[in-house]
């Protein structure tokens with residue numbers, strides 16, 4: 001989860017988020033090199049007294065500033081396409097959950113189980129227990145097993161919402177009349193927080209998302225207890 005004064009990303013919990021972090025570092029390094037080169041050229045021009053007023057056409061320079069940006073764009077595009085295809089790929093999910101956005105709460109339905117569905121509301125500040133996080137805790141968490149592919153179907157009952165969990169690299173729009181899907185696989189257990197990431201009305205900031213990722217054995221016990 002995020003911490004006060006944090007400048008970087010949250011710790012990656014899924015393979016997708018790890019790829020996104022690698023791509024971010026890769027792109028940031030390219031931007032740093034380009035910025036350093038441009039700054040060096042600017043400083044060179046400001047400090048040099050040499051002026052070339054008779055140079056109307058330099059074929060070599062034109063080739064360099066045409067070919068070099070093309071190579072840079074290819075170096076950015078290839079890992080970007082790899083990550084995009086990885087995010088869109090769905091390989092035999094073992095569990096499917098339907099997530100519906102409402103003003104202003106989430107509802108979850110485990111479609112592989114009978115009558116396993118619930119609403120998830122934010123816990124108000126005066127109802128928080130010691131150690132719980134303001135504006136991020138909910139009364140019913142989405143519980144999922146770790147190390148297994150899970151498909152999440154996302155839609156909305158009223159207006160536009162967005163179901164987002166940063167540490168898993170997830171952000172999917174919830175659009176009325178449209179069913180979007182995303183796959184997640186967690187590499188470790190824990191509590192992971194997210195929020196609605198689309199302005200959806202007066203209480204937009206009061207739509208937290210809490211994923212509780214547990215080993216498969218505990219998930220089976222939890223689902224069996226709710227089914228009873």
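Glycine is no exception: its Cβ is also placed from the backbone N, Cα and C atoms.
Ranges compared are 15-45, 108-138, and Swiss-Prot records transmembrane segment for 15-45. Close to the recorded Cu cation A2 site, the chain also has 101, 104, 159, 160, 161, 162, 197, 199, 201, 207: residues not among 196, 198, 200, 204 whose Cβ is within 8 Å of the site's Cβ mean position. Calculated from their C-alpha atoms, the gap between residue 218 (phosphotyrosine) and residue 196 (Cu cation A2 binding site) amounts to 27 Å. Secondary structure at residue 204 (Cu cation A2 binding site), taken from DSSP and collapsed to helix, strand or coil, is helix. Among the binding-site residues 196, 200, the residue whose Cβ has the fewest other Cβ atoms within 10 Å is 200. Secondary structure at residue 196 (Cu cation A2 binding site), as computed by DSSP, is strand. Residue 204 (Cu cation A2 binding site) counts 17 other C-beta atoms within 10 Å of its own C-beta, drawing on all protein chains shown.
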